[in-house]
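According to TrEMBL, the domain 'Semialdehyde dehydrogenase NAD-binding' annotation covers B:8-135. Here TrEMBL flags B:C157 as active site, acyl-thioester intermediate. Residues or ranges marked as active site, proton acceptor in TrEMBL: B:H256.
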4 protein chains.
Amino acid sequence: MAPQAPINVGILGATGTVGQRFILLLSTHPFFKIHALGASSRSAGHPYVKAVKWKQASPIPETVREMIVQECKPEGAFKDCGVVFSGLDADVAGDIELAFRAAELAVFSNSKNHRRDPVVPLIVPLVNPSHLSIVPYQQSLQSPPLKKGFIVTNANCSTTGLVVPLAALESAFGPIEIVQVTTLQAISGAGYPGVPSLDILDNVVPYIGGEEEKIEWEAGKILGGLADDGKAFEHHATHPLTVSATCFRVPVLDGHSESVSVRFHRRPPPSPEDVVTALRAYVSEPQSLGCPSAPQQAIFVHNEPDRPQPRLDRDFQRGAGVNVGRVRKCPVLDIKFVVLANNVCIGAATSSIINAEYAVAKGVIGV
Amino acid sequence: MAPQAPINVGILGATGTVGQRFILLLSTHPFFKIHALGASSRSAGHPYVKAVKWKQASPIPETVREMIVQECKPEGAFKDCGVVFSGLDADVAGDIELAFRAAELAVFSNSKNHRRDPVVPLIVPLVNPSHLSIVPYQQSLQSPPLKKGFIVTNANCSTTGLVVPLAALESAFGPIEIVQVTTLQAISGAGYPGVPSLDILDNVVPYIGGEEEKIEWEAGKILGGLADDGKAFEHHATHPLTVSATCFRVPVLDGHSESVSVRFHRRPPPSPEDVVTALRAYVSEPQSLGCPSAPQQAIFVHNEPDRPQPRLDRDFQRGAGVNVGRVRKCPVLDIKFVVLANNVCIGAATSSIINAEYAVAKGVIGV
Amino acid sequence: MAPQAPINVGILGATGTVGQRFILLLSTHPFFKIHALGASSRSAGHPYVKAVKWKQASPIPETVREMIVQECKPEGAFKDCGVVFSGLDADVAGDIELAFRAAELAVFSNSKNHRRDPVVPLIVPLVNPSHLSIVPYQQSLQSPPLKKGFIVTNANCSTTGLVVPLAALESAFGPIEIVQVTTLQAISGAGYPGVPSLDILDNVVPYIGGEEEKIEWEAGKILGGLADDGKAFEHHATHPLTVSATCFRVPVLDGHSESVSVRFHRRPPPSPEDVVTALRAYVSEPQSLGCPSAPQQAIFVHNEPDRPQPRLDRDFQRGAGVNVGRVRKCPVLDIKFVVLANNVCIGAATSSIINAEYAVAKGVIGV
Amino acid sequence: MAPQAPINVGILGATGTVGQRFILLLSTHPFFKIHALGASSRSAGHPYVKAVKWKQASPIPETVREMIVQECKPEGAFKDCGVVFSGLDADVAGDIELAFRAAELAVFSNSKNHRRDPVVPLIVPLVNPSHLSIVPYQQSLQSPPLKKGFIVTNANCSTTGLVVPLAALESAFGPIEIVQVTTLQAISGAGYPGVPSLDILDNVVPYIGGEEEKIEWEAGKILGGLADDGKAFEHHATHPLTVSATCFRVPVLDGHSESVSVRFHRRPPPSPEDVVTALRAYVSEPQSLGCPSAPQQAIFVHNEPDRPQPRLDRDFQRGAGVNVGRVRKCPVLDIKFVVLANNVCIGAATSSIINAEYAVAKGVIGV
């Protein structure tokens, strides 16, 4: 599915936690080529190595070390980018992403700001890449209408881990009606400096501001379809989906665990064995299309009772797949299981990149 | 409620984790006096300070340091004990506790072995101390019938934290029908050496063998009443209680957190405000009777959204009370909230001791 | 040694980490009475419970919850204080403490700003309380000369743990000439929010800015005497003391561990047995005078090879004493050992308070 | 340097922590081919996947999953092995390794048992691979004399990290006379289950049994030369090397940090700048010979003051290199610095493998 020529990409928020991850993933990408780095005005004008407080276990890629950081304006090197990835903080992401879209740039954003926009797709690439089809309508609403500029968002990290197995189950067994989920989320989900060590060493915190609302709302947009006219999302309206989430922060570096219980519309519900089979068989469209950052296997189902564990399993498929374990009957709903997803990979930058690869494969960009 | 004279007590499994906690708590008790220490034959014959690998932050009490450990047989100093506390491992507790009962000793046990015995009460002192009334019937069934010997158990540590707020809610609003719970349990719950550090540093483990079954079963025995003839437990039979539990181990030293969601029989269900009021107002019988180890306040409800936290809140009421926070509506069931209980205090030794204090207050022992 | 009447005290930086510790310790003090709380202008005017993000395991003392916080100016309630404790951040402590001294207030400071002032004593109360005698000379240098106002500082937390056993050894065996020390310092030493969890979970950091210089310099001022005229410190000049320090941050909540090796002037040097005896026998002047916050025992020497450990031993003497273990010959210098001191107690607020108690006992304040 | 044909290798202790690491490293080796797996009689006869409790973040290599584990006897598949790697526990390694040598097998061992044998080389491959030349003499002493069997050991994990920079410094500046070292060692150094989590969470332990003696003794054997006749080691005898070590266990998964201070024989000693230059320039013989598991760069010297850190730097050169940072003058000795080495890679299995690769390159095995 590779394009004929490499595609220049820009990264907004390049010095932040998500930006650093974008740089690592894109520095070895088969056809995306890092061309522009954007950060705050304080960093602008400096070579990347001077501007960043690098916090990754791998060193800064050589091709990026001396690249001059620029401000997050749709100017300069950004004008030559076929794709712009955004890892901006929410307090600035909204306006900057709008400005980039208005400048006819294709923006793939990790930020939450535009997720609830009724014409911006919220895409978990292993679940609902087809929502990309709303892009022409999004472009048509701008004034003047846009030809190449648009915004695509991906989901909150804890939502992402949840909806992948839910999508696999709905694909096999029809609608899910109820989801109860308690998350155990890694500290890297809060960025840097993020969670003070005094708050989390020998501790868990039973609250992450805004997180539960995101999970409860985003799941419906992602798992629902498009309206018949392709101009709106139907938010799982035919079979309303009720999600109840409780979110904990735990002293884990990377990898969000989730305790999930679901009720299906179908009676009788599938058995645990059926569920395991369906999860293992699930293949998403970016996998079929050969998107290079998509996992070989979307969902790995563990047989051992004490798995998945963040430290042992978060790097499954370079963090691009999702782990499931402990599939069993729920005495209250139908089926319960545990999910583990790498919040800094499939839960963040990796999903943005697969979304962009999918857009290339579909001819929406890069042509 | 103090008895006229101090009561000699023995401790079985005195060198283990729970045994060490018994020693700390009993060394300053107003009327229980440590008189006999039992451990494995390897430890027997040695002064306690030599036999134990002490792992508490407070030093070994002076009164116990040189006390000679004996084997766990109902002989010697144990014969003079009005109460015997058992912190034995499950692989030996069953038979030893039976032997002590047969020798007319009153056994208060933390071990799981006899919890499912139909005539052994399973008592969380802040919940169902009245189950103690089955003791005469338990004694009558032995051959020959016993006059003073009996066994009382207390619950699994994660069950204990759960049933205290549930009892408060049932007391105020009538039967609960459904409970969904996901636990985040401290490493001290596994004893010593317990959880290897390689398994839990930068990690959580989504499985604790047998724990979910204990929670799901024990809750019914504890929250249910006695049969009319006082010779059996009714296990919440009038309004069957369905509990679904998922248990995680987390890198926390002490304090089990639980994410709980409940559905009441009553329609409409109580509001979150009603629930908070009821939890704060709850007073258990050992508190009313002035049992010295009972908490002043049974349940502390936090207003801050990010509480309770293990490190900050586990020592509430010297670990004898239960913390609740984040009381709010559940989109799926009725009400959800977070519980924190100190697993090594109210979840273990403290409950045994309050049970014994209650038995003293009721004239069942020590007279 | 109690004064005839309670002494009102004020706390500067009352909402910070050290300030919270001052409040906990002083709320139960036998003769110091919390009278004024100072914090930033943002907090001023609010009741303490609203102004503070309380991070202690014990709740806010009732007597302080509703006390109105004021700005850190020597006005209002501070004017009535016999002692003012400062837990201010270094970026503001310098000027504020000078203003309080100029207003004839007795300031006992944890901050580093005035430690190197040649007429401000740097006092570790278990080591060199006699340095307090420079206060009249300090007062005489101000313009106009002061009658009651002065500044006394206590040492950096890692310095404090080090110099207590060194003082005991010098007291028994004469001058020490060389000290090699590597520290393993708790995260609470950095205050709140302090160390990001992403920097310290599954990690150690081999650097704490400015810390090594503090240890290497402060040790000489503390362990040295006063000049003959009482108007200067001699900084261990007779037998110059060379200290080499390397400082690590480790994922421990409270308690700084230190690996120490020393060389004595005396040849042959004392044996490890001599050293243990001397450490155990050491009694400081605040202990002899009955200062209520001084430890019963200054130094506890462990016999077990794997002690002291932060989690098990940091609360020795309510954190007011110092732990030593692993005393043995050093193949390079003379003797090596491990120190553990509670950085938030003896390493910070507790030392300030003992210093003030000592000043009361000596009649320097409160009369 | 590759041999003409792949070389079959066996792994003793294949189910243990070090054994698992051997399997991961050797499963992708360019010319070593895993041929035999040995473990306890309890595991023997079972496929590896059933026998092992796999604890690595990467899955069990496919080529090994179904391989049948055999007992650790020089029989069966082991007879066909050109190299046998031993990750055995010390309580059994001694005799088993002797039996394998006697059976004419070349044993490369991580175990401590034969490190002090006067004719067994103790080789850190980045330091003293030339000690391999004692092998013919070792063989000649056996009865009957051996043709192919021998034992080579590699060093303790904390020794390894220390001696690599020391070797670089001696190579550039001549003999070192004094080393002071305090280590902060990862929990993986203790194997599995190893350190109980209750002992190390929110804690450090100032003692690792036998570790200090190993460092203090092994450094001399490794850094010293061979006697003139090639039949003995001279243990740095010309310029005796005095090492003083203190060892801490810290809550880090992988990567031993060391605070090191050294004194050179040369007066004046080299400057910090000289030291940095020499460390960066150091090249060991296995690197020159192109041993495939040797690092590209032996020592990486960090400029940032807060590096090296275990979590960020332990995977430098796939764990085969050594990190150094904070090079500066020592007020007591000459130069001090911090070392970080990956204890499970260069500190264990990787060193064994490079040693064997070197032996292949030298024609000692595989011909």
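Cβ atoms here come from the backbone N, Cα and C positions, even for glycine.
TrEMBL labels come from automatic prediction, so no person has curated them.
Cα to Cα, B:C157 (active site, acyl-thioester intermediate) and B:H256 (active site, proton acceptor) are separated by 8 Å.
When Cβ atoms from all protein chains are considered, those within 10 Å of the residue listed as 'active site, proton acceptor' total 29, not counting its own.
Taken residue by residue with DSSP, B:C157 (active site, acyl-thioester intermediate) is part of a helix. Break the domain 'Semialdehyde dehydrogenase NAD-binding' (B:8-135) down by DSSP state and the numbers are 43 helix, 26 strand, 59 coil. Across the domain 'Semialdehyde dehydrogenase NAD-binding' (B:8-135), mean pLDDT in this model comes to 96. Note on the residue listed as 'active site, acyl-thioester intermediate': other Cβ atoms within 10 Å of its Cβ, all shown chains, come to 26.
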